[in-house]
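Here Swiss-Prot flags 3-182 as domain 'KARI N-terminal Rossmann'. What Swiss-Prot records for TYR26, GLY27, SER28, GLN29, ARG49, SER53, ASP83, GLU84, ILE85, GLN86, GLY134 is NADP(+) binding site. The active site annotation in Swiss-Prot covers HIS108 and rests on sequence analysis. Among the features that Swiss-Prot reports, domain 'KARI C-terminal knotted' is placed at 183-328, with the record citing sequence analysis. The Mg(2+) 2 binding site annotation in Swiss-Prot covers ASP191, GLU227, GLU231. Here Swiss-Prot flags ASP191, GLU195 as Mg(2+) 1 binding site. As annotated by Swiss-Prot, substrate binding site applies to SER252, with the evidence given as sequence analysis.
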Amino acid sequence: MTVQMEYEKDVKVAALDGKKIAVIGYGSQGHAHAQNLRDSGRDVIIGVRPGKSFDKAKEDGFDTYTVVEATKLADVIMILAPDEIQQELYEAEIAPNLEAGNAVGFAHGFNIHFEFIKVPADVDVFMCAPKGPGHLVRRTYEEGFGVPALYAVYQDATGNAKNIAMDWCKGVGAARVGLLETTYKEETEEDLFGEQAVLCGGLTALIEAGFEVLTEAGYAPELAYFEVLHEMKLIVDLIYEGGFKKMRQSISNTAEYGDYVSGPRVITEQVKENMKAVLADIQNGKFANDFVNDYKAGRPKLTAYREQAANLEIEKVGAELRKAMPFVGKNDDDAFKIYN
């Protein structure tokens, strides 16, 4: 199925005009949505628990409230807290303060699609999901364009939910470069699959396996790091800019020939079957339930995974090599952290 890209000219209704907007959470996506909407002339307040995000929102000039207060004041409530805390946040502080005719939005369909959050039938439920991290959503807006976004409607109580979703996307700058309509099911399942099988899980496992093959064969860890990790950005940038075609036009004939000959030996039909199993666990809710249950138990699995990953040899080698490469950029964890 193909979908048609939409732009600012296709946003026919200024559905957010006269609406009080509450952005719940002021982390990676929250600060970007809030600041872009404010700069687009919208009436935005912040709802967040006390802490660094609360202080930062006030410092940035927003009227900042508790989540309960912000929900009571708002017509449109966008929940941009981390996925794992949204259910308890919604049930304790948002749901009791919703009114008929309100709209509730998300930037990812996780909690709605898997029914961890159930919104009353008299409230709209929409989505605006920019295809990029918050700092990029903000920076590109300030530069005069934006990041493409997906939009969706899960529940249309007022008949205006699609207009709200599209106008929100316009307000954050996404309609300048393109909007795609989707569903909560499609966005959630595709997003999780992309993260797990390719962009995060698949990629890091591939890099680590390549590093281990080289070092176990007696090659220097530092050289292995450059070959399987450091040069990854160069290749990904070419694919990002012009697809496989541009990448293959830009590399040597030797590298291109090796691409065709050896790629299928690594990513075999069995790997594809494994990917299908990953997708099945997403579709049937197994991954979602495992993730949420781990959070409710205090994150024992996630903590163990993080500790294991931090002790990988490739991480230790990379940390030392990057000290001599200031051109790779400052390692600023706070720039990407989601608080509260």
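Cβ atoms are placed via backbone N, Cα and C, with glycine included.
On its own chain, HIS108 (active site) has ASP83, MET127, ALA129, GLU187, THR188, ASP191 as residues at least 6 apart in sequence with a Cβ closer than 8 Å to its own Cβ. Here the C-alpha separation of GLY134 (NADP(+) binding site) and SER252 (substrate binding site) works out to 36 Å. GLU195 (Mg(2+) 1 binding site) sits 17 Å from SER28 (NADP(+) binding site), taking the CA atoms of both as reference points. Within the set TYR26, GLY27, SER28, GLN29, ARG49, SER53, ASP83, GLU84, ILE85, GLN86, GLY134 that the record links to NADP(+), no two Cα atoms are more than 19 Å apart, and one pair reaches that distance. Residue counts for the domain 'KARI C-terminal knotted' (183-328) by DSSP state, with H, G and I taken as helix and E and B as strand, are 126 helix, 0 strand, 20 coil. Among the binding-site residues listed here, namely GLU227, GLU231, SER252, GLU231 has its C-alpha nearest to that of ARG49 (NADP(+) binding site).
Between the CA atoms of the residue listed as 'substrate binding site' and GLU231 (Mg(2+) 2 binding site) there is a gap of 14 Å, rounded to the nearest whole number.
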